[in-house]
Amino acid sequence: MRIYLIGFMCSGKSTVGSLLSRSLNIPFYDVDEEVQKREGLSIPQIFEKKGEAYFRKLEFEVLKDLSEKENVVISTGGGLGANEEALNFMKSRGTTVFIDIPFEVFLERCKDSKERPLLKRPLDEIKNLFEERRKIYSKADIKVKGEKPPEEVVKEILLSLEGNALGG
């Protein structure tokens with residue numbers, strides 16, 4: 001079993017992923033953390049020194065490497081789940097879960113974040129990116145509302161996984 005969590009930045013993928021992995025008693029991996037470990041740089045530093053294209057390629061490589069593991073929960077970066085090729089790859093290897101949040105919730109959660117390169121863009125550009133990515137994220141196997149407390153999001157995912165296993 002491989003569970004991939006996708007969604008926009010600040011949707012709660014890492015928090016939910018950590019809790020979900022504990023509930024299932026399987027390891028949790030955060031693609032962003034693994035990218036930073038591999039490069040020895042923060043994500044903003046990678047963007048600045050090597051560019052977004054390099055980061056996106058590396059992110060997909062890390063995803064593929066993590067997907068060699070069995071029985072894992074993998075939290076993806078916001079851009080990875082919006083990459084159709086990456087999303088199709090994840091769907092072929094496991095179950096994709098879209099943690100959906102309203103744009104207003106994203107703004108509230110991310111307002112103090114200095115570590116996210118995409119937040120340097122104008123607000124209307126971020127809103128457009130949010131809407132574009134949401135269309136792709138919606139192709140996930142399971143969709144949950146991420147504005148609820150993380151423990152409730154985990155319960156909803158677990159129920160959906162049970163339903164999928166039973167053919168529901």
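Backbone N, Cα and C define each Cβ position, glycine as well.
Of the residues GLY12, GLY78, GLY163, Swiss-Prot places GLY78 in the same substrate site as ASP32, ARG56, ARG133.
Counting Cβ atoms from all protein chains shown, THR15 (ATP binding site) has 18 others lying within 10 Å of its own Cβ. Neighbours of LYS13 (ATP binding site) among the binding-site residues ASP32, ARG56, GLY78, ARG133, defined as a Cα within 10 Å of its Cα, are GLY78. In this view, the densest Cβ surroundings among the binding-site residues LYS13, ARG56, ARG133 belong to LYS13, judged by other Cβ atoms lying within 10 Å. Spanning the residues ASP32, ARG56, GLY78, ARG133 that the record associates with binding substrate, the maximal Cα-Cα distance equals 18 Å. A simple Cβ count within 10 Å picks out one of the binding-site residues SER11, SER14 as the most packed, and that one is SER11.
Within 10 Å of the C-beta of GLY78 (substrate binding site) there are 21 other C-beta atoms, taking all protein chains into account.
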